[in-house]
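Below: the structure, in structure tokens.
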There are 2 protein chains.
Amino acid sequence: MADIVSGKEVAEALKQKLVDEVDELKSNGIIPGLAIVLVGDRPDSLSYIKGAQKRCSEIGIDCRLVQLPADTSEEEFVSRIRQLNQDRSVHGILVMRPLPATISEDRVKYEISPLKDVDCFNPVNMAKVMSGEEGGFAPCTPSAVMEILDYYGIELTGKRVVIVGRSMVVGRPLSMMMLKRHATVTICHTRTVDLAKETSRAEILVAAAGKARMIKKDMVGSGAVVIDVGINFDENGKMCGDVDFEAVKELAGKITPVPGGVGSVTSTVLAKHVIRACRMLIDQEG
Amino acid sequence: MADIVSGKEVAEALKQKLVDEVDELKSNGIIPGLAIVLVGDRPDSLSYIKGAQKRCSEIGIDCRLVQLPADTSEEEFVSRIRQLNQDRSVHGILVMRPLPATISEDRVKYEISPLKDVDCFNPVNMAKVMSGEEGGFAPCTPSAVMEILDYYGIELTGKRVVIVGRSMVVGRPLSMMMLKRHATVTICHTRTVDLAKETSRAEILVAAAGKARMIKKDMVGSGAVVIDVGINFDENGKMCGDVDFEAVKELAGKITPVPGGVGSVTSTVLAKHVIRACRMLIDQEG
């Protein structure tokens with residue numbers, strides 16, 4: 001029977017550290033600021049924003065929502081990003097994705113200042129994730145996975161890690177982050193032949209495929225650490241992960257639930273990144 | 001007994017296509033131009049440049065060497081790169097690395113125009129390799145590996161690929177390029193526990209660790225495709241790869257030799273990238 005990993009516990013512990021950091025910044029007259037840019041009104045984006053705003057407010061970060069109409073042109077969007085790049089009260093910028101089809105992500109992603117790019121939208125930051133260079137920002141979700149592993153003292157060096165999913169928001173960057181920490185990393189996806197054979201070998205298995213309960217009990221090795229990044233809704237409208245939690249918990253060593261796992265840590269990681277961006281600016285200005 | 005893959009054959013076939021492309025460009029009054037920037041006079045760099053110049057000349061690319069003194073300052077170097085970015089007769093720029101310690105690669109890499117960056121120095125291109133976005137340039141060495149696999153019709157979809165080595169010039173970008181082609185990719189390195197167990201599972205094994213003949217016969221599965229990216233010199237000064245070629249060829253399905261394998265294709269891939277950069281410029285200018 002697996003230990004159930006509590007994302008909330010990880011988030012709370014991280015939050016306490018961040019509150020102290022913000023207190024210190026405030027005693028020097030500095031309030032870390034985050035601008036969340038939303039074009040349109042997608043319900044999933046609004047739901048994420050609500051959680052992020054709550055978290056920021058608990059930690060003492062000034063969180064501002066910049067909501068633009070769904071028909072905002074690319075030029076208007078870029079001009080707004082440039083204003084935020086210049087705005088000295090804004091230390092972090094989060095652009096909610098996907099953007100509407102009228103705005104090309106592949107063009108506008110270069111506009112956000114890499115120093116304020118707290119969720120790794122700008123390719124400059126993605127390249128740093130790939131090379132392992134310090135001083136950039138990794139995307140919040142794979143960073144939340146790393147926070148969980150570190151909180152529970154799960155060593156990565158030499159471990160066989162299998163990641164299911166090759167997206168740019170989780171699978172690919174996480175593979176590079178795990179590699180930097182000296183894990184032996186395998187990336188699987190929809191075209192993998194005999195997925196169960198691959199996943200069964202994992203000492204640490206990360207499910208980030210976006211398919212409800214696809215990781216079954218016979219796909220997991222006994223004692224494995226199972227990290228579920230999926231957020232899906234089943235046929236009854238119930239939120240669930242990519243892992244068949246009830247069955248897999250019988251044999252895993254550790255497992256993250258959904259909800260209450262990785263997703264509970266993401267917004268606190270976002271806050272951590274904003275505070276780091278704020279400190280970087282202070283350091284830069286001396 | 002393995003089929004010995006001929007890098008020269010791959011390079012010759014590619015060269016013929018490139019000669020035709022350059023002929024067409026020349027009939028429109030355009031000569032593709034490459035500038036190779038060398039700071040100092042490292043013998044390995046000079047040796048590579050000699051091969052590249054020969055290849056470019058055979059194909060009809062104008063290849064210019066910009067050799068700067070070893071004590072060139074970062075400012076002088078950046079200013080030279082900016083001149084080359086502006087120079088309309090230069091379509092591709094190759095900066096020989098490593099640069100001397102006085103020039104920070106992490107700072108200057110952003111200066112080279114991504115459109116002329118034919119060996120993936122600029123992080124903008126590295127991020128495109130990571131995301132699989134079209135229109136960028138991957139580094140020449142992993143691109144040479146892909147040329148070889150494609151020339152021999154080796155399918156990647158669903159294949160178990162194991163890459164030994166996690167460098168930014170080969171292992172990491174190659175893992176992303178293989179992933180884009182739907183392979184199941186495992187990246188191993190010095191901290192991998194039981195390397196032989198991992199490499200033995202490979203249907204396609206890429207050795208890019210930079211350690212002479214480290215891949216022994218008992219580390220390779222029968223019938224595997226073995227691609228050797230290593231260029232080492234053994235205790236007798238003889239050039240050799242990362243694979244114990246004489247032993248491994250007994251059981252591999254296909255194997256690249258060293259010399260005569262991947263290294264024979266790299267400079268032709270460089271020429272291919274210069275021609276593509278030239279075409280991109282023409283397309284951009286209408």
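Cβ from N, Cα, C; glycine included.
Whatever TrEMBL says is automated annotation, not expert-curated.
Per TrEMBL, the features are:
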- A:6-119: domain 'Tetrahydrofolate dehydrogenase/cyclohydrolase catalytic' (DOMAIN)
- A:139-279: domain 'Tetrahydrofolate dehydrogenase/cyclohydrolase NAD(P)-binding' (DOMAIN)
- A:Gly165, A:Arg166, A:Ser167, A:Ile231: NADP(+) binding site (BINDING)
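For A:Ile231 (NADP(+) binding site), applying a Cβ distance below 8 Å and a minimum sequence separation of six or more within one chain yields A:Met239, A:Gly241, A:Val258, A:Pro259, A:Gly263.
A:Ile231 (NADP(+) binding site) falls outside any helix or strand according to DSSP and counts as coil. Taking 8 Å as the upper bound (exclusive) on CB-CB distance to chain B, the binding-site residues A:Gly165, A:Ser167, A:Ile231 give none.
If you average pLDDT over the domain 'Tetrahydrofolate dehydrogenase/cyclohydrolase catalytic' (A:6-119) in this model, you get 97. For the domain 'Tetrahydrofolate dehydrogenase/cyclohydrolase catalytic' (A:6-119), residue counts in helix, strand and coil come to 58 helix, 19 strand, 37 coil, using DSSP.
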